[in-house]
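Presented below is the structure to which this report refers.
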Amino acid sequence: MDFETLLSYEWGVMMPEFIILGVAVALSLIDLFMPENRSRRLLGLFAFVGVAVSFVSLLGLWTSDVTSILGDTFRLDSFAKSFKALLLIGSALVLLLALHYEPKERIAYRGEFYYLFLTALLGAMMMTSSGDLITLFIGLELLSLSSYILVAIRKKHTLANEAALKYVITGSIATAITLFGMSYIFGFTGSTNIKEIAGQLASTYDENHQYILSLAFLLTFVGLSFKLAAAPFHMWAPDVYQGATTPVVSFLSVVSKTAGFVIVLRVIVSVFAQTPSGSSASMLMTLAPYIAFLAGATMIIGNTIALRQRNVKRMLAYSSVAHAGYVLVALASLSMFMFEAIWFYLLAYLFMTIGAFAILQVVSQHHDDEDVSIFAGLYRRSPLMAIAMTIFLLSLAGIPGTAGFIGKMNIFLGAFVVEPAHYVLASIMVVTTVVSYVYYFGIFVQMFFRPVEHTHRLEWPPGVIAVVVICVIGTVLLGVFPNIAYDFLAPFEHFSDFLQ
Amino acid sequence: MMENAWLIPLFPFVSFVVLLVVGKQLKERSAYVGMLLTLLSLVFALGALYERWTSPTYKQAYTWLTIGDVDITVGFEVNALNALMLVVVSLVSFLVHTYAKGYMHGDERFPVFYAYLGLFTFAMLGLVVSPNLLQTYIFWELVGLGSFLLIGFYFYKEEAKAAAKKAFIMTRIGDVGLLIGMILLFLEVKSFEYEAIFAALQQGDVSTTIMTLSAILIFIGAIGKSGQFPLHTWLPDAMEGPTPVSALIHAATMVAAGVYLVATLFPLYEASEVAMTTVAYVGGFTAIFAASIGLVQTDIKRVLAYSTVSQLGYMMLALGSAGYVAGVFHLMTHAFFKALLFLAAGSVIHAVHTQNIEQMGGLWEKMKWTAPLFLIGTLAISGFPFFSGFFSKDEILIAAWTHGHVGLFVVAVIAAFFTAFYMFRLFFLVFAGEARTNVHNVHESPTVMVLPMIVLGVLAVVSGYVQTPWGAFLGEWLTEGTNWHAHTEGPSWIMIVATIVSLCGIALAWLIYGKRAIARDWLSSRFPLTYNVLMNKYYIDEFYGLTVIRAASFISLLFEYIDRFLVEGLAQLFAATARGVGRIGSRLQNGQVQMYGTVTIVALAILVVIFAVTGGYL
């Protein structure tokens with residue numbers, strides 16, 4: 001590749017990534033030369049502004065045509081744009097939370113926190129735009145490695161260290177399995193370019209190949225379920241959530257999970273949706289029962305084990321496992337509106353989860369405890385925050401009038417409209433949703449129906465208030481007028497360019 | 001007025017929001033905010049009813065969400081059924097708002113109570129104006145949420161907390177049925193609109209299986225909300241809420257929602273014989289089942305709660321016997337007399353500070369207003385001639401008879417006997433005789449509590465005259481433009497039987513609970529010589545006690561055991577399964593990262609083995 005071709009690329013399409021990269025580099029340099037005793041909050045603000053600017057530049061690209069540069073390794077299509085928006089919104093909100101995170105023991109590596117956060121985000125963004133297995137994998141590793149360190153950022157904290165170690169080990173197993181699966185795909189087609197792989201597989205059909213390809217599918221999918229915190233790779237989630245700081249947990253459960261779905265959709269759908277199969281239209285459809293099986297298991301495991309948790313973070317960890325299960329239902333049913341359903345659900349999930357974590361952060365920081373009883377009498381102490389928390393919990397539980405309900409309904413309808421309809425999966429979804437009321441309402445009961453044990457006033461920093469307000473607006477508005485979100489997807493014509 | 005019907009639910013919502021924000025400052029003046037706004041709802045509802053009386057149904061809808069080529073709309077509608085419901089709901093809600101001003105006086109969370117009342121009324125009115133299933137479902141859930149908050153209002157009581165949770169989760173179980181039924185119907189018709197659904201039914205576009213299945217699934221939702229067997233257990237427990245709430249929940253709102261839903265979807269049920277029969281039998285069984293339990297309860301509110309369950313069973317029985325008008329008519333009259341009974345019971349509790357009827361008695365003299373009003377309510381619910389319940393119950397019996405449900409007809413007659421008996425047992429124990437415990441300072445409730453009762457008392461008497469054997473105004477109006485019967489002509493002996501049965505129940509209650517008390521007085525003072533004769537009369541009481549009461553209490557005991565062991569047992573089995581799976585799962589979660597890796601690899605291996613065995617084709 002010579003300099004000419006390099007210049008001929010439309011680098012503008014990578015603008016959001018460049019901004020994040022630039023800010024991350026700048027932050028690491030500033031941090032290096034900044035006196036050690038100076039507050040790092042300025043760096044956080046800088047990072048926040050960086051994410052905001054990147055989001056604006058993304059909006060500038062919103063209606064541009066599908067562009068593919070760097071030999072088809074980087075493509076900006078409607079899928080990339082819409083999911084990047086999710087990642088950036090989620091990251092901006094988490095950064096606002098992080099600005100006000102002040103645990104008892106001082107964190108010495110605040111500067112590191114911000115730029116590692118940005119590199120993790122960069123990895124996730126690269127994944128949305130990857131057209132090649134290699135860049136996809138590099139994005140995944142960039143995200144993973146950054147998040148391992150983010151989990152361990154409280155260096156002197158035993159639980160955090162334990163969590164980080166567990167995260168690294170489980171993550172490595174997952175990576176190994178994923179790579180093993182991908183190696184089959186590569187060995188089969190001799191290419192790492194997703195489009196080329198899809199093309200080759202679509203044109204050849206051989207009974208014997210099916211077998212190995214299916215094996216590749218299973219390995220890749222199981223490996224990738226690590227990032228989703230879906231069964232059978234969900235077990236790290238409670239331990240890591242418990243050990244990590246609240247902003248990191250909200251990053252893991254929102255941004256990192258979204259990135260997980262991005263890579264699953266990129267690899268699984270692009271590679272297998274067009275591959276012919278013996279028994280049905282495509283291999284993806286033949287193999288969908290396996291996804292359905294894992295989705296069902298994920299919903300059951302997440303919701304039932306959450307019943308037994310007293311630690312709110314662990315409970316929310318299992319709840320996030322359960323939500324991954326709901327989204328997998330959409331993937332398993334493969335309806336025509338799968339992308340919209342997943343995107344909308346992740347958007348709703350973003351608002352309700354970050355909102356809940358924002359309130360948890362302040363309350364648990366105040367009590368230096370994460371037991372569910374810290375919410376006792378919150379309605380008396382901070383009525384508005386208790387109402388906000390109620391809205392988030394209702395949305396997580398999928399009660400009508402909230403974004404969570406619309407999201408669930410989309411997925412639910414999706415499971416029914418396809419032929420044959422997924423009755424079993426839909427029933428599991430409904431039953432486990434009912435189970436989930438029990439633990440969400442546990443917090444609800446604490447907030448409204450328990451007497452106040454602590455009378456200290458809770459301090460609500462402005463950043464947290466901003467996050468809560470944004471999340472409440474998002475949750476309620478999308479619950480009442482879901483079309484607002486869908487309007488953003490209008491120029492994309494149901495992601496018709498995804499497979500082009 | 002009809003084009004402004006969307007405002008009717010909004011007024012209470014405004015009340016909810018206002019009180020949430022400034023309730024703390026307003027203190028007990030919050031009541032005026034709530035009262036004023038529900039009064040506005042009532043005025044608008046009356047306007048809408050008046051206008052709907054002469055003009056056709058009004059409907060307005062806007063596109064809310066577009067999924068593919070399906071438009072989902074929101075809007076509102078005023079038809080005959082919901083115009084009537086709007087008035088009933090807003091009227092009862094307004095009266096409860098007024099009454100609660102006296103009842104809740106001095107409660108430190110007074111404004112919160114009014115805020116919750118506003119939310120609850122909003123949800124119910126919103127449900128009533130909904131022109132499609134999805135919107136109905138949304139408000140349906142909101143009603144559940146409102147009831148959760150209100151039942152758990154005395155949250156410092158452990159029972160109240162448990163009852164609130166139970167009410168929410170039990171009704172949710174029913175809602176699952178509703179949701180699935182609704183979606184099945186949607187997939188078949190491609191619309192949530194009632195109009196579109198009925199049109200498709202008429203053209204025969206809906207397969208019989210789907211029709212029956214969705215009708216029954218939706219009925220399961222109604223079973224949950226309307227406290228029908230076997231999902232009724234939350235309803236008596238819900239008595240833990242403040243009494244005005246019981247009046248609201250049990251008379252015009254929450255529990256009426258289930259009956260209202262079945263009535264709204266009546267064309268769907270009409271089209272499926274199986275679904276109709278299911279509704280009729282569940283209703284009939286619930287009617288007698290709950291009535292027999294009501295015979296032995298000693299808590300004043302619980303007696304009324306079981307009577308609500310039983311009366312709702314009547315309404316379902318009517319709807320299931322093609323008695324559309326009968327069901328809706330009874331829904332209306334019941335709303336009035338049951339609200340009256342609850343408010344009067346609240347007034348009694350307010351005065352004597354106990355709910356145990358064994359500890360009451362002799363209140364007739366002391367509560368000059370409450371006692372006669374309670375009597376009116378009791379007469380109405382017992383089907384005493386020329387009170388409202390008499391006419392509506394008669395319609396139901398006729399419907400059951402003419403539809404050929406002879407067995408259910410007999411059941412309904414027996415349940416009517418039970419009803420008359422236990423209601424008068426309640427009345428005599430509370431108001432007749434002498435005080436059984438020394439309750440001092442028994443006083444009549446303040447005017448603000450008595451006035452709503454008087455209004456309801458009048459309605460409990462006169463509301464029956466809109467639909468009598470001599471003129472079916474209500475029926476003709478409700479069934480305008482349909483082929484349903486405005487009034488079913490039944491043999492005239494049914495009315496006589498109903499009257500006799502009701503009078504027998506009253507007489508028996510009087511003999512056991514009224515007469516005995518009077519006799520004791522009478523005996524000791526004036527006629528000591530007739531002791532033997534009276535002893536014989538006493539034998540009659542004993543005889544009744546041995547036969548009728550023993551049999552009845554055996555039945556009720558049986559049902560109570562079914563209730564406790566079978567129904568609760570199933571509920572617990574479900575809960576235990578969920579907990580058990582959770583326990584196994586959390587045991588694997590032992591904190592050892594080796595275990596995590598093992599679980600993953602084993603799961604992967606299982607998938608691969610399944611794959612290998614099935615050859616990849618599931």
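Each Cβ is built from the backbone N, Cα and C atoms, and glycine gets one as well.
The domain 'NADH-Ubiquinone oxidoreductase (complex I) chain 5 N-terminal' annotation in TrEMBL covers B:64-114. What TrEMBL records for B:130-419 is domain 'NADH:quinone oxidoreductase/Mrp antiporter transmembrane'. For B:6-23, B:30-50, B:137-156, B:168-186, B:245-269, B:275-296, B:303-325, B:331-352, B:404-428, B:449-473, B:493-513, B:595-617 (among others), the entry in TrEMBL reads transmembrane segment.
If you look at the transmembrane segment (B:275-296), the same-chain residues 6 or more away from its ends with a CB under 8 A from one of its CBs are 211-212, 215-216, 219, 223, 227-229, 232, 262, 268-269, 303, 306-307, 309-322, 400, 403, 405, 407-408, 411-412, 414-415, 418-419, 421-422, 425, 549, 552-553, 555-557, 559-560, 563. Across the range of the domain 'NADH-Ubiquinone oxidoreductase (complex I) chain 5 N-terminal' (B:64-114), the DSSP-based residue counts are 29 helix, 13 strand, 9 coil. Mean model confidence of the domain 'NADH-Ubiquinone oxidoreductase (complex I) chain 5 N-terminal' (B:64-114) amounts to 82 (pLDDT, 0 to 100 scale). Residues of the same chain lying 6 or more positions beyond the ends of the transmembrane segment (B:493-513) and with a Cβ under 8 Å from any Cβ of it are 382-385, 390, 393-394, 397-398, 401, 413, 416-425, 427-429, 432-433, 469, 540-541, 544-545, 548-549. Counting residues 6+ beyond its ends, the transmembrane segment (B:6-23) has Cβ neighbours under 8 Å at 30, 33-34, 37-38, 40-41, 44-45, 48, 60, 76, 86, 90, 93, 111-112, 114-122, 125-126, 128-129 in the same chain. Through the fold, the transmembrane segment (B:245-269) approaches residues 81-82, 85, 88-89, 91-93, 96, 99, 117, 120-121, 124, 127-128, 136, 140, 143-144, 147, 150-151, 153, 178, 185, 194, 197-198, 201-202, 211, 214-215, 218-219, 221-228, 235, 238-239, 275-276, 279, 301, 304-305, 308, 312, 315-316, 319-320, 324, 327-328, 331, 334-336, 338-339, 342-343, 346, 484 of its own chain, all at least 6 residues removed from its boundaries and within a Cβ separation under 8 Å.
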